[in-house]
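K.L.:
Mind looking over this structure? Questions follow.
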Amino acid sequence: DTATCGKVFYSASAVSAASNAACNYVRAGSTAGGSTYPHVYNNYEGFRFKGLSKPFYEFPILSSGKTYTGGSPGADRVVINGQCSIAGIITHTGASGNAFVACGGT
């Protein structure tokens, strides 16, 4: 999966790295650094996420290309389900308030 969030393009390897990190934290029942990520994503926006079922978890995907380890999460998130399948990539960029919109290509 590749994605474009606002003006930021994420390669398939970047999406994979973020989703793999999220999966490892979910399976371990832990979070990145002192953060709350990954955490349950309630999907108030009603995204369809490739027909996958909840629970969904959101985890930051960083424009720097590094894997999130704590600190500022930025605007973009990879979403996985409980089986660690990539559900989609979403962003606060272009959304109102604390809501999300889908990134292009997802």
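Residue 1 is the first one shown; counting continues down the chain.
Glycine is treated like the rest: Cβ placed from N, Cα and C.
Checked Swiss-Prot, it gives:
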DISULFID  C5-C103  disulfide bond
DISULFID  C23-C84  disulfide bond
ACT_SITE  H39  active site
ACT_SITE  E58  active site, proton acceptor
ACT_SITE  H92  active site, proton donor
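Map the listed features onto the structure and describe their local environment.
P.N.:
The Cβ of C103 (disulfide bond) lies under 8 Å from the Cβ of A3, T4, C5, Y10, D76, G88, I89, I90, T91, each of these being in the same chain and 6 or more residues away along the sequence.
Listed in sequence order, S19, N20, A22, C23, V26, R27 are the same-chain residues six or more apart from C84 (disulfide bond) with CB atoms under 8 A from its CB.
The Cβ of H39 (active site) lies under 8 Å from the Cβ of T31, Y57, E58, each of which sits 6+ residues away along the same chain.
Its Cβ taken as reference, H92 (active site, proton donor) is surrounded by 18 other Cβ atoms within 10 Å in the chains shown.
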K.L.:
Whose Cβ, among the disulfide-bonded residues C5, C23, has more other Cβ atoms within 10 Å than any of the rest?
P.N.:
C5
K.L.:
What does DSSP say about H39 (active site): helix, strand or coil?
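P.N.:
The three-state answer is strand.
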